[in-house]
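Below is one structure; the comments refer to it alone.
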Amino acid sequence: MGNRVSREEFEWVYTDQPHAARRQEILAKYPEIKSLMKPDPNLIWIVTSMLLVQLASFYLVKDLDWKWLMFWSYAFGSCLNHSMTLAIHEISHNFPFGHHKAMWNRWFGMFANLSLGVPYSISFKRYHMDHHRYLGADGIDVDIPTDFEGWFFCTTLRKLVWVILQPLFYAFRPLFINPKPITHLEVINTVIQVTFDVLVYYVFGVKSLVYMLAASLLGLGLHPISGHFIAEHYMFLKGHETYSYYGPLNLLTFNVGYHNEHHDFPNVPGKNLPLVRKIASEYYDNLPHYNSWIRVLYDFVMDDTISPYSRMKRPPKGNEIQE
């Protein structure tokens, strides 16, 4: 149902991603930005507090009627769990403990992962590094939808369904685009997570377990914060590959909206990205950006020129080394 989109293919490009060149140019002009490339130990206490709040919510919802449980799962738990996935994004860049304590960050990522209900942090780290190094590379960057997604989700209604099911596509897309051997850390992540889920079930009951899982599924689907999935790299304007968002939801998402700044300087923690924009304002103020993720979701669904195919894609160069 709804109009069919006009785009029937990805936007193939044969140039390098813009972020490395812009990073070099900005650092040559503003070397003080290097001082922003440092750990953010505040993440340790923020993440711990978020997990404790979610544990408290497990107790508060355990005896609710199902309708109210689902209401609070969407209205509250989803915000907390989506925010936690973006905390895990910060952790994947080694910001809590720094690069010299990489394994501390991996263990902390598994700790942050607990409230999500499904193992996520270790696999995300492996694929997210590819996303930065090989942005848009065919068969490597699993942030790019599959051809099936672009072909099938091609009407207004189907695009809405695609948005609702986004967490499932992000979970299973790597298996089709860029499958990797399972590592021992992924096994450990899974064992820890399943053990925690079983404990939630035995301590709080099935309703708390459903609340936790539904919060992740709903929070990563049709949800205001989920606008960042589409806002970051979907090509609403031809020739522009990455877009920043400067609205209030950055307060809940560790400034993930500062996405041009993040790709230009992936070693700068989220709390310092507004300073990058302030220092090098002439490089960012004139780039296309958003102020509403809700509007991004609406435009994606309703605009007949936008679809899962609206991504810039590059052929792999043949020398990519993946972990």
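Note: Cβ is positioned from N, Cα and C throughout, glycine not excepted.
Looking up the ranges 128-132, 143-147, 178-182 in Swiss-Prot, the one annotated as motif 'Histidine box-2' turns out to be 128-132. Helix, strand and coil counts from DSSP across the motif 'Histidine box-3' (259-263) read 5 helix, 0 strand, 0 coil. Residues 58-59, 62, 106, 110, 113-114, 116-123, 212 of the same chain lie 6 or more positions beyond the ends of the transmembrane segment (184-204) yet place their CB under 8 Å from a CB of it. Beyond the motif 'Histidine box-1' (89-93), the same-chain residues lying 6 or more positions past its ends with a Cβ under 8 Å from any Cβ of the stretch are 40, 43, 47, 105, 108-109, 112, 121, 124-125, 128-129, 254, 256, 266-267, 269-270.
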